[in-house]
């Protein structure tokens, strides 16, 4: 009996040694696969991860650095907890791996080809600032190498059709969910004269739904390392509901009173907050005497003559070696009054005649440009502006907004409203002052600016308000400061959950082929039954976060600013609806596109806010990129696989 056991152990040892010897010949493929997999994970981070926090950065609730830190945490955790299930679909759900029995090296070479083709196209798309689907890339690349190695028989076409259908359904469903959610937010909160009461009542519901949905998803996935695989579905449902109710109670009794107190303290005076990227100014604490209220009787803000004597309000700025004239209280009040009426379209403003017609370039960090103009305008807008703050002049950049505000130039005066002013003057009026010397150009064109402001005074108030914003975001709503306060942290929370969902869904795009490589090498089988190693998912998460930190800002700009303006309220609707769609898809093992869900939500909410708010030209380019992703990544993968199959592998 003992000799039989020893003989059996010896036979097993010989077979294992033979298998290990055979697989050692393809060790170089495994090493090459790890290198290319990290590059692929880098490209996924540079392109796909930007979708998670792009709207949060675009609305201004977090900075780019803060977004990268949060994404690093939640992408990695989501990859380890949710990524294993979707990796199974990517690894063995697209092609029939049993066709590669006895030719493991061919399947390993195919996995490398798929990762290479996907990485190249995603890096190219990131360079072009186009958000594309990482799932599209890896699926197309997998089909490409399989067509070279085994022809069309190696592809599961029905599975491919199911995935293709999900590509169209995911943006549609996510867009509908986001639009419906934002519709109710706008109807019951944003459109109210006082949005705070309804907003505070809705906060517990929003937090509870966000927490409950994501907790159910995490637990229903059944992560073995957390013991969730031993909890039945009804237990998962009860735990999720309990946590959601607890979250709602905490928000109602702790968070809401603090927010209400915070907003009441800020309501002592009007606030102008730059939370949407389209506001005119940015609220900053006052550190200069120019911002303080002046003692004395109330000021009279009645209209002033359109063309007061130039000598009465002349100011000399200290630029370089220029002379300086102190502003006493009377002169300061006069200038404040003129500036305010120029902003409201009810009065003119005098352009000082600089001696010698010598103009100085005022750079971005100049004290006169940064302190005097900014603080003077901020103080007057906060104290005595008569227009509602929902429709300020859009800030194309800092130079344009300050210059237009000081000189009373309205944002979108049409050519025909200037009467007989054509030619060179019309060109000056339409210029956007986008360079560093825009301030000097505005001074030189002061006379034309005065005429434009005078023309605007005669227009009706309603028509003037409709003409303030640029044509592309006409009638676009802007969140009030109190609404922004309500939705800021909520959008951060939904963005974090969206990043978590993305880590679970899209880490498979980078690690699925690498998992196949490792398991083939480790077990010498093309269809191993071993689960996905956690350390491989962590490896992919590190590569994804590296790509986000180094190159993620390009696609963040497209998603958060270029496609459509984002506010905290609309960003919350986008984040929550798209996160729910992606998390549910991850739990059923369907590799939907996170990019499609997010872009669908952004476009639908932007269109609901205003039909002209969406950059349809950019959306067309993104849509075209979606359709060419599968064939381009497939062709690149097929070319690399042909090189392996016909040249490299026969030589080894």
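In case you wondered, yes, glycine gets a Cβ from its N, Cα and C as well.
Swiss-Prot assigns residue 229 and residue 617 to topological domains of the same name, so the membrane does not separate them in that record. Checking Swiss-Prot for region 'Disordered' across the ranges 278-308, 309-339, 340-370 points to 278-308. Between the stretches 142-162, 163-183, Swiss-Prot puts its transmembrane segment entry on 163-183. The stretch that Swiss-Prot tags with transmembrane segment, taken from the ranges 572-592, 593-613, is 572-592. Note on Swiss-Prot: of 26-46, 257-277, the range annotated with the feature transmembrane segment is 26-46. The listed stretches are 26-46, 105-125, 235-255, 483-503; of these, 235-255 has the most Cβ pairs under 8 Å to the transmembrane segment (202-222). Note: the stretches the transmembrane segment (105-125) and the transmembrane segment (622-642) are in contact (3+ CB pairs below 8 A, sequence gap of 6 or more).
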